[in-house]
Amino acid sequence: MDSAAAAFALDPPAPGPGPPPAPGDCAQARKNFSVSHLLDLEEVAAAGRRAAGPVSGPAEARVGAAREPSGGSSGTEAAPQDGDCPSPGRGTKRKKKQRRNRTTFNSSQLQALERVFERTHYPDAFVREELARRVNLSEARVQVWFQNRRAKFRRNERAMLATRSASLLKSYGQEAAIEQPVAPRPTTMSPDYLSWPASSPYSSVPPYSPGGSSPATPGVNMANSIASLRLKAKEFSLHHSQVPTVN
């Protein structure tokens, strides 16, 4: 115990963890990492805490800190250092590297993924994790595959609808052209016909004028001739009665 106290007096205690990074820097760095990378950082932090082990008292903690070399760092300090926000240049390089990586799926993996896609286009996290274990892929790869597969499905659906609507419009136009009768062309009227004045249906019978200037109809002529004959017969009889007879 005396040797431990002497060692603690000679060696200064190890410096504590530095101040936490600014919230703005952390928010900018989180955009450069995927969900799987953040999960890996949490696993590293948990492993560092398990490696440090439980501490029974403050005295033993001070002794352990005194025994460590000055250039090293304890297991408890490894987690904050790993969790610090990296520089923007490093995050950008890692993001570009992740974009270049392309996963090649074999036939069995594609068959399993397509079978699940037929059941649901939006699998939840549990389904994705279960499927990732079955096909020996990461959950992030499975999620990206489903996103690309949904985009492809929407493109194929839009193309199919466009083709179907175009064929329906084409067939409808052909049927309408066959069933619709040919409209007659409008005939142009001659200038002579247009020069005739408009008249009523009874305009063929000329109106009666007392002056007798208009021609009479056959019935009227017959009646006039009969009346004139009677008048002449009457005049003849009167004239015959007035002439004296010579004995």
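Quick reminder: no glycine exception, Cβ is built from N, Cα and C everywhere.
Annotation source Swiss-Prot lists compositional bias 'Low complexity' at 1-11, 49-59. What Swiss-Prot records for 1-31, 49-107 is region 'Disordered'. The compositional bias 'Pro residues' feature in Swiss-Prot is assigned to 12-23. The annotation compositional bias 'Basic residues' is assigned in Swiss-Prot to 91-102. According to Swiss-Prot, the feature DNA-binding region maps to 98-157, an assignment based on sequence analysis. Per Swiss-Prot, motif 'OAR' is recorded for 224-237.
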For the DNA-binding region (98-157), what's the model's average pLDDT? 91
From the DSSP assignment alone, can you count helix, strand and coil residues within the DNA-binding region (98-157)? 46 helix, 0 strand, 14 coil
